[in-house]
């Protein structure tokens, strides 16, 4: 594979995460405007965004098999057509049913693109370099999550209709579409060139189960925590601005942490540093929940920094449990993480209704403790050392 081809594929991976980050995180910015557009209360409008999450979940789950049937380049190009149709549907329709369908299609497109992006990184890079590259790729999710809400605020402040925000997000997919030209993708399944030697099917091992549970608990814990921090802070008497600043501080340090750890991870055994980071994150979250108001910004900043590498490290370790990175295995762990996203309000909503925001934060803290236990247990069964040692960079 030529170096220019590798660079193009890597940029497709970066932009695939930016696309999903933009679609998921911009929701909160435009929800009120969309509710006004359809003359609905915000509470009932928020339910329609479940179609976006459902699309992401279904596409990541199905793409484990789809990758072996439909070439990756064909998927990305067809995805561009679907993206154009979905954005056009948002622009020219006043029907709530069509809006929900367009959101579902956007979810499908971003889920397929993100799973392809993750798979490309696991194919292009080996050993410890894979972990650092995947972490840098994941930082594009957070970066888009910072940039596109600002774009949305800029457009909405000038009374420009909300659907132009999605047209701007579509430009990210346009860049992916352009990059597919003159670019060779790894072939899979029936499209792959088969060698004379029979392909040995590898068993995943119990380590994959530990990592899948860790992925689900981590995402559910993280989103359950950060979703209720503003309510918890307001309950302590903090202003709305100060409560919002806590969330901004978390994501800002999360992004800086991703950049820092994309360099740091190369020098450590991934399972060991993951266990340390999961333990530190659980302790820092507990200190945030039980600490004084004066110390809360510091605890959430350090929590964001030290927890930033956890999810990507889980995916990387998963890809290293087999000798050859398996798209089905990587997508299985991604699917478990996405299920965590879907369950966020299903799990935390009733807890908050019954016992208040602090109970939701303590539940999230308990989930982080489960992540630590899973990562610690993985140390006894992980195969990553025997699979990554020859290729460590």
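From the backbone N, Cα and C atoms, a Cβ is placed for every residue, glycine too.
According to Swiss-Prot, the features are:
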TOPO_DOM  1-10  topological domain 'Cytoplasmic'
TOPO_DOM  32-50  topological domain 'Periplasmic'
TOPO_DOM  72-77  topological domain 'Cytoplasmic'
TOPO_DOM  122-133  topological domain 'Cytoplasmic'
TOPO_DOM  155-161  topological domain 'Periplasmic'
TOPO_DOM  183-205  topological domain 'Cytoplasmic'
TOPO_DOM  227-244  topological domain 'Periplasmic'
TOPO_DOM  266-272  topological domain 'Cytoplasmic'
TOPO_DOM  294-297  topological domain 'Periplasmic'
TOPO_DOM  319-331  topological domain 'Cytoplasmic'
TOPO_DOM  353-360  topological domain 'Periplasmic'
TOPO_DOM  382-393  topological domain 'Cytoplasmic'
TRANSMEM  11-31  transmembrane segment
TRANSMEM  51-71  transmembrane segment
TRANSMEM  78-98  transmembrane segment
TRANSMEM  101-121  transmembrane segment
TRANSMEM  134-154  transmembrane segment
TRANSMEM  162-182  transmembrane segment
TRANSMEM  206-226  transmembrane segment
TRANSMEM  245-265  transmembrane segment
TRANSMEM  273-293  transmembrane segment
TRANSMEM  298-318  transmembrane segment
TRANSMEM  332-352  transmembrane segment
TRANSMEM  361-381  transmembrane segment
PLDDT averaged over the residues of the topological domain 'Periplasmic' (32-50)
77
When counting Cβ pairs under 8 Å to the transmembrane segment (361-381), the leader among 51-71, 134-154, 298-318
298-318
Contact call for the transmembrane segment (298-318) against the transmembrane segment (134-154), three or more Cβ pairs under 8 Å:
yes
Other parts of the chain folded back onto the transmembrane segment (206-226), taken as Cβ under 8 Å at six or more residues beyond its ends:
247, 250, 278, 285, 307, 310-311, 314-315, 317-318, 321, 329, 332-334, 336-341, 343-344, 347-348, 360-361, 363-368, 370-371, 374-375, 377-378, 381-383
Hey, which bits of the same chain come close to the topological domain 'Cytoplasmic' (72-77), Cβ under 8 Å, at least six residues off its ends?
12, 63, 66, 112-113, 116, 119-120, 176-177, 180, 183, 185-186, 188
Compare 51-71, 101-121, 273-293 by their Cβ pairs under 8 Å to the transmembrane segment (11-31) and return the stretch that comes out on top.
101-121
Go through 78-98, 101-121, 245-265, 273-293 and flag the stretch with the largest number of C-beta pairs under 8 Å relative to the transmembrane segment (134-154).
245-265
Long-range Cβ contacts under 8 Å made by the topological domain 'Cytoplasmic' (319-331), restricted to residues 6 or more beyond its ends, are 60-61, 63-65, 67-68, 115, 118-119, 122-123, 127, 130, 188, 202, 204-205, 207-208, 211, 270, 382-384, 387-388
Are there residues at least 6 beyond the ends of the transmembrane segment (245-265) whose Cβ is under 8 Å from a Cβ of it, and what are they?
128, 131-133, 135-136, 138-139, 142-143, 145-146, 226, 229-230, 233, 273, 296-297, 300-309, 312-313
What is the number of residues in the topological domain 'Cytoplasmic' (122-133) that are helix, strand and coil, as DSSP sees it?
10 helix, 0 strand, 2 coil
Please work out the helix, strand and coil residue numbers for the topological domain 'Periplasmic' (353-360) from the DSSP assignment.
7 helix, 0 strand, 1 coil
Per the Cβ filter (under 8 Å) with a sequence gap of at least 6 from its ends, the topological domain 'Periplasmic' (227-244) is approached by 250, 293, 296, 300, 344-345, 348, 352, 356-358, 360-361, 364
